[in-house]
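> Sharing a structure below in structure tokens format, with a few things to ask.
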Amino acid sequence: MTNIRKSHPLLKIVNNAFIDLPAPSNISSWWNFGSLLGICLIMQIMTGLFLAMHYTSDTTTAFSSVAHICRDVNYGWIIRYLHANGASMFFICLYIHVGRGLYYGSYAFLETWNIGIILLFTVMATAFMGYVLPWGQMSFWGATVITNLLSAIPYVGTTLVEWIWGGFSVDKATLTRFFAFHFILPFVIAALAGVHLLFLHETGSNNPTGISSDMDKIPFHPYYTIKDILGALLLILTLLLLVLFSPDLLGDPDNYTPANPLNTPPHIKPEWYFLFAYAILRSIPNKLGGVLALVLSILILALIPLLHTSKQRSMMFRPISQCLFWTLVADLLTLTWIGGQPVEPPFIMIGQVASILYFSLILILMPVAGIIENHILKW
């Protein structure tokens, strides 16, 4: 008799995705982050649901409703901080996941890669709208500045911004619709993640060597389920350390001041995970140019499969490309630092150099390195 997990219509899907799935025998801990992202998403949806039970999306009561959650709701403080810091953990896992894909050439799976880019944009949009909801100073001014960027679009820009605002400034209508979108988008993300996984399982996972591992596959369970549980425990431990010992470490003190349209904070900046893109935006002294650079800083990922010039898929045996990859990582960390600094010398120049280097590395230096490494192979 066939095992029920292989015959039952629902269990069969779970079995083929998480139990009997053939996986390469040599995938390292860098492959843990997909499952960690799934855990982050489930955790964010659960904590978000409980927060939504007590939150009110009205400009007069939003700030006090968040204070009420922290003070009066049973364990409201931990739910709120798990949700806020859970977003940070989500982005750490997300950036490592993308970095892994870049390093090991996982972008050769085109459908999986492109759905991943759509997922990245959706998660960024969700996080941005979530940051607006507590209705503190940085929430309000962040929403004002970022939505205003759309006014740089020729002809339709101003109309588009007012349409998003639901009025002539960021106000009650904006907050209500941002709450609605912030609630629905995680479910869109979950659906997209399902499609992401569907396309991945069409080809099977990549591995550190970038060579086909069809002749050496092992079942996902128990090998990688155990490995994923270890990763999950480390993720939860890190998150709990953050939430219980320093919940406001990654937040902005300005967001503990209620939103005031008449008082602009001295430094408007987004959460830390958007600072690299914000630094690229600010490094161009033209509004439309800055907005284009901001969008392209993420959209450039879609070009990476086209820019792959090497005969080898992975960077595992390509030292020049490895150096450039880690230079890119250092450059992104530099941009993150610059994004949090005021717009004054020497930070302006550092930001401009780092932005140029970011695009140069991806568009020029890495493809050239691939060609050079191909020639080295002939020696």
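Please read every residue number as a count from 1 along the shown chain.
Positions of Cβ are set from backbone N, Cα and C atoms, glycine also.
Below, the features straight out of Swiss-Prot:
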| type | residues | note |
| --- | --- | --- |
| BINDING | HIS83, HIS182 | heme b b562 binding site |
| BINDING | HIS97, HIS196 | heme b b566 binding site |
| BINDING | HIS201 | ubiquinone binding site |
| TRANSMEM | 33-53 | transmembrane segment |
| TRANSMEM | 77-98 | transmembrane segment |
| TRANSMEM | 113-133 | transmembrane segment |
| TRANSMEM | 178-198 | transmembrane segment |
| TRANSMEM | 226-246 | transmembrane segment |
| TRANSMEM | 288-308 | transmembrane segment |
| TRANSMEM | 320-340 | transmembrane segment |
| TRANSMEM | 347-367 | transmembrane segment |
> Spatially speaking, which of the binding-site residues HIS83, HIS182, HIS201 is closest to HIS97 (heme b b566 binding site)? Use C-alpha to C-alpha, please.
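Nearest in space to HIS97 (heme b b566 binding site), counting only the binding-site residues, is HIS201.
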> Report, in whole Å, the straight Cα-to-Cα distance of HIS196 (heme b b566 binding site) from HIS83 (heme b b562 binding site).
24
> Does DSSP put HIS196 (heme b b566 binding site) in a helix, in a strand, or in coil?
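In the DSSP reduction, HIS196 (heme b b566 binding site) maps to helix.
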> Counting only other Cβ atoms and using a 10 Å cut-off, which of the binding-site residues HIS182, HIS196, HIS201 scores lowest?
HIS201
> Return only the integer: C-alpha distance in Å from HIS182 (heme b b562 binding site) to the residue listed as 'ubiquinone binding site'.
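It is 29 Å, counting Cα to Cα.
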> Hey, which bits of the same chain come close to the transmembrane segment (320-340), Cβ under 8 Å, at least six residues off its ends?
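Answer is 99, 102-103, 269-270, 272, 274-280, 282, 310, 347, 350-351, 354-355, 357-358, 361-362, 365-366, 369-370, 372-373.
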> Cβ under 8 Å to the transmembrane segment (288-308), counting only same-chain residues 6 or more beyond its ends: which ones?
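Apart from its flanks, the transmembrane segment (288-308) reaches 98, 102, 105, 107-108, 110, 113-114, 117, 120-121, 124, 149-150, 152-154, 276-278, 280-282, 355, 358-359, 362-363, 366-367, 370.
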> Give the three-state DSSP assignment (helix, strand or coil) for HIS97 (heme b b566 binding site).
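In the DSSP reduction, HIS97 (heme b b566 binding site) maps to helix.
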> Specify the secondary structure state of HIS83 (heme b b562 binding site) as given by DSSP, simplified to three classes.
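In the DSSP reduction, HIS83 (heme b b562 binding site) maps to helix.
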